[in-house]
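S.K.: For reference, TrEMBL lists these features for the protein:
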DOMAIN    72-482  domain 'Major facilitator superfamily (MFS) profile'
TRANSMEM  68-86  transmembrane segment
TRANSMEM  106-126  transmembrane segment
TRANSMEM  138-157  transmembrane segment
TRANSMEM  163-184  transmembrane segment
TRANSMEM  196-219  transmembrane segment
TRANSMEM  231-251  transmembrane segment
TRANSMEM  300-322  transmembrane segment
TRANSMEM  334-355  transmembrane segment
TRANSMEM  367-386  transmembrane segment
TRANSMEM  392-411  transmembrane segment
TRANSMEM  423-446  transmembrane segment
TRANSMEM  458-475  transmembrane segment
Amino acid sequence: MRSCVVQFHNNHPAWQCKSPKSFCCQPHKIGISCTQYKNNKLRGFTAMPNPSIRDAGDVEGNHVYRRITLRLIPFIFICYLFNYLDRVNVGFAKLQMLDALNFSETVYGLGAGIFFIGYVLCGLPSNLALNRFGPRRWIGLMMITWGTFSTCLLFVTTPMEFYVLRFLTGMAEAGFFPGIVLYLSRWYPNQRRGRIMALFMSAIPVSGLLGGPFSGWILNHFAAGQGGMAGWQWMFLIQGLPTVVLGLLAFRLLCDKVEDAPWLTPEQRQRVKADITTDELSRPVISEKASPLSVLTMPFIWVLGFIYFCIQSGVYAINFWLPSIIKNLGFSDALVIGWISAVPYLMAGVFMILVGRSADLRNERRWHLVVPMLMGALGLIIAANFATVPVIAILGLTIATMGALTGLPMFWPLPTALLNASVAVAGLALINSIGQMAGFLSPYLVGWIKDQTGSTTMALYSLAGLTIVGSLVALRISRQSATKAAAAA
């Protein structure tokens, strides 16, 4: 028999033989005969048909996964809400922090962005540690650590202190998001993952929806210096300490794997394990003995990372600069700025969940990713063109936020469908780390351009162009090309 790098599952190709025209299977593993498969393009990013994943009429399966969702997602949602709130609250602190500490726009941009240097450096080792020690322990430890570092930002007095604490916070947070993505992939098969990722990642717009007004209220309420601290210092304290508490709760509320879930019956645990096992068989196998670091040599990993980088460039520009852009439109009160900034996040949250549901129902990924990305670019262009017209500028920012944030959950079902267990831990972390580099470059670029030109207009144009490039790359990728890239690695 020819050497196989592609396996079949119920006559559906999972990974391709070295022979260009014929495909074979491993009968001793899955018990089917060799067959021929024409080079048809698979529907963009669509997951392989999986017989263990029933349709909407699967009452038993829907009940099991609804039970898992009600048990896991609310707590993970709250954790990610504080994770993202911690990541972007520096955008509101900026409204008072710059004048209080005499920081320039460039100092702020570098401090906001240096977080992601630590994040990128520690993303891969942190995810490997999570796989080694278990999600329950590692997620709890990460939350306690970054909550402590974030709270300590209230003691900052110099740019160097600002840089160091932001860097350490980034290191501590590095494994959280890719770890959660990996964790959820062990509880949900790919066909159910779109809406779950949308529910989980709707914490991002909710953090903007609630965090904006709440941060504005803190800045205003404590502006008089109660307790000897300024409003921005109180904000870091009030929003940092709950993360430490959530980290302690993670030790009790999370289960490392399906087999450890006492709230599922043995039959339900077996059902989920069977679904996940079948889902795993439908992914391209790079090698059963592949080293986690082998992902560094896989071109399609870097292509996916570039797409994610383009999405995140728009996201972080909005997160870090939305309050300042609104302020430049003529609004000076911090609470008013907070309420206005909540509007784009409210619309984005609704749009994100609707698109996630649509992607799962239609079992389609590519266009559900590309269209939101193009929306994000269009919104940035509108905001840049009408920077002097508040209503239209805010409309543009709303469209940009809806598109950019919805692109995030629509992206992650793609790599989780393509990476099997041998490389998923390292692959997901690497893709996330590549994308998170935008968190450093995007705020710094916006700050530098604003210092040079006096406005954010050219920065918004630049980020819109990058998002368009990313959407074109995503449009050209197919499941087949990614599989071939994996086979060639």
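Glycine too: its Cβ is placed from the backbone N, Cα and C atoms.
Keep in mind that this is a model prediction, so the values were computed, not measured.
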S.K.: In the same chain, who gets a Cβ under 8 Å from the transmembrane segment (196-219) while lying at least 6 residues past its ends?
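M.R.: Those are 69, 73, 76-78, 80-85, 88-89, 92-93, 95-96, 180-181, 184, 188, 231-232, 234-235, 238-239, 315, 319, 322-323, 333-342, 344-346, 348-349, 352-353, 355-357, 401, 405, 408-410, 412-413, in sequence order.
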S.K.: Who are the long-range neighbours of the transmembrane segment (231-251) in its own chain, taking Cβ under 8 Å and residues 6 or more past its ends?
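M.R.: For the transmembrane segment (231-251), the nonlocal Cβ contacts are 75, 78-79, 82-83, 85-86, 89, 92-93, 95-97, 100, 136-137, 139-148, 150-151, 153-154, 211, 215, 218-223, 334.
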S.K.: Cβ pairs under 8 Å only, please: of the recorded stretches 138-157, 163-184, 300-322, 423-446, 458-475, which one is richest in them relative to the transmembrane segment (68-86)?
M.R.: 163-184
S.K.: Looking at 163-184, 367-386, 458-475, which one has the highest count of Cβ pairs under 8 angstroms to the transmembrane segment (106-126)?
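M.R.: Answer, by Cβ pair count: 163-184.
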S.K.: For the transmembrane segment (423-446), give me same-chain residues lying six or more residues beyond its boundaries with a C-beta closer than 8 angstroms to one of its C-beta atoms, as numbers and ranges.
M.R.: 87, 106, 109-110, 112-117, 119-120, 123-124, 126-128, 130-131, 174-175, 177-178, 181-182, 185, 286, 290, 292-296, 298, 301-302, 304-306, 308-317, 320-321, 415-416, 456, 459, 462-463
S.K.: Hey, which bits of the same chain come close to the transmembrane segment (458-475), Cβ under 8 Å, at least six residues off its ends?
M.R.: 303, 306-307, 309-311, 313-314, 317, 366, 369-370, 373-374, 376-378, 380-381, 383-384, 404, 442, 445-446, 449-450
